[in-house]
Amino acid sequence: MAVVVFQSLSIQCCLQTQQQHKTEIHQQRRPLNLQISSSSKSGELSTTHKVFDEIPHSVDTFAWNTLIQTHLGNGAHDHVISIYRTMLLRGVHPDKHTLPRVLTASRLSGSFFCGKQIHGHTLKLGFGSDQYVVTALMEMYGRHDGAAAARRLFDQSSRKNSVSWTLMAGLYIIEDKPNLAIETFHQMLKLGAENVDAVALSTVLSACGRLKSLQEGKKVHEIARKRELEFDVLVSNSLLKMYLDCGSIKDARLVFDRMHSKDVISWTAILSGYVKNGGFNEGLKLFRLMNSEGIKPDSFSVSSVLPACARISARKHGREIHAYTLRNGVDSNIAVQNAQIDMYMKSGCSESASKIFVRMREKDTISWTIMILGYSLHGQGRLGVELFQKMMNMRVRIDDTVYVAVLCACNTARMVEEGKSYFKFIRAPKIEHYSLMVSLLGRAGHFDEARSFIDEHQIEWHKEVQRALLAGCRIHRNTKMAKRVIERLTELEPLNAENYLLLSNMYAANAKWDVVKNLRELIRDMDLRPKKAYTWIEIRNKVHVFGVGDVSHPRSERIYYELQSLMKKMKEGEGYIPDRDFGFHDVDEERECIPIGHSEMLAISFGLISTQVGTTLRITKNLRVCHNCHSSAKMISKIVGREIILKDPDRFHHFKDGICSCEDFW
DNA sequence: TTAGGGTTAG
């Protein structure tokens, strides 16, 4: 931070000095200007500075301004201040071009004190009402003291233009007051409609997005259309983002498809929009299309598409994109590296993720969070807790999401006391933190404590909390409490079919068929659509999908034969007895079906007959795996001597040598 | 010679 004291310098003295050297300036200005301009354009700062050192005292302000501009453009803000000081010391008079630049430099270097001194200079020199000076001052005070401070300067200024109006609107957005930003834009329209330009439209569109107001956004879209600015790339990209922020991917796509020219930002915005809204395959498709149209992806586009690979466990695509980042030099970007770690973790390759994490030159809070969550996902909660301890020791910034991650890790590792102590550190816990604490206590079987915790924090009427409690009931087969929880869930989410199915399955387990019949009728009458269970397995670049009792696969006969033979081995060699209790299961159809017809069993069997001995099988299920399949998968891993990695919505199960990484707590 | 703006990761 530059702390420069100018008060000792006399502006009056500078004025006199300049008068004295007026003749010399005229004689020497031209050759010096040329020298500075050519060096500045080449961006060679050291050369520029050498030239600057050679400038005689009599040189005019233009050369100094050019030098200042070069350093400002290169982000050398402190240096700009030093040059300004030298300029004053040499008696050169700052002008209306110098002052906004040094004000900007002092704002960007965080030297508000210095900025205030320069404000004094602008008044003494009579540039207080220059438009560029006013906007620089507005931005400085606005960012430091808030929008109200900028507003005072703005209201006092006699000549307002599109830049000052837009700046004012932008400051309101920073303060999360999008309504005021939109109001400012409309005031500008009313008072000086000819001023509206692409940047003004872009700013107000961002405010509409923040407000999630499709109505306001469409009004601005109409204004852009009328002023023929709709297809300006900045405006189009802002419209795209506004529609995405307002949740209308359809309108965003319409803007994208109609754009005359698309840049890397347009492509990144739309593909990121799809990925964030669950359109993982469409996101990947757009990424490929972008490449084929000759738009080179940058760190932003790569970080936007990698979560799609993570979510659909598309290791192959993820690896290809990873290779692309290495070839194109974007792999050292921290956001890209974080997205890569997340992708590898979520597609089952925790080792590849760890390698990147270890090699990272710089790690931020997000990098650590991804690793802690990743370890929890793979049943290595203890490693996650250790990482959190390390992170604290290294004084890395801890935020709410890191606490979510470490509480997840404590859950996985069943480290109740550690979880309790970390929870105490959270200043303002959110419902996610409370739910994780309830889950931690419930999974450990501490139901009385979980109840007291819920009462103490008055969080009973949150579906997340009830679901967390249900997880504990499942593990400990606490049917009595589970019934109460599910009944509460049906009150909280009357349109969620899953809750009625859980209830129905619990009554079925107790042979209360009349209640089961009533619940099924209720589901039908309310026209609720329960989820169906599916499992995917990728064999030689082709994805095979299996439903419950599926016989549609061309190798179906062989798949069932393999399963029958495995079942025989499990019964004879491992003493396996299928569990008929589906009381805690989320789908109805699987209870009706014999366990070997469950989708994950079919996928495992197909994987075994389609790959070489010893190959690891990787499968993904859209719903939670049932107890029978979990036990079967453990035994199969031992019988066939293979690792089976099964991903369900909450975690990875690594079945190996007859045991699972989740230690049967899922 | 100068200002205000649009895309990323947990």
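Heads up, the Cβ atoms here are built off N, Cα and C, so glycines get one too.
The repeat 'PPR' annotation in TrEMBL covers A:60-94, A:263-297, A:364-398. Residues or ranges marked as domain 'DYW' by TrEMBL: A:575-666.
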Secondary structure composition of the repeat 'PPR' (A:364-398) [DSSP: H/G/I, E/B, coil]: 26 helix, 0 strand, 9 coil
Overall pLDDT of the domain 'DYW' (A:575-666), taken as the mean: 87
DSSP-assigned states of the repeat 'PPR' (A:60-94) in counts, ordered helix, strand, coil: 26 helix, 0 strand, 9 coil
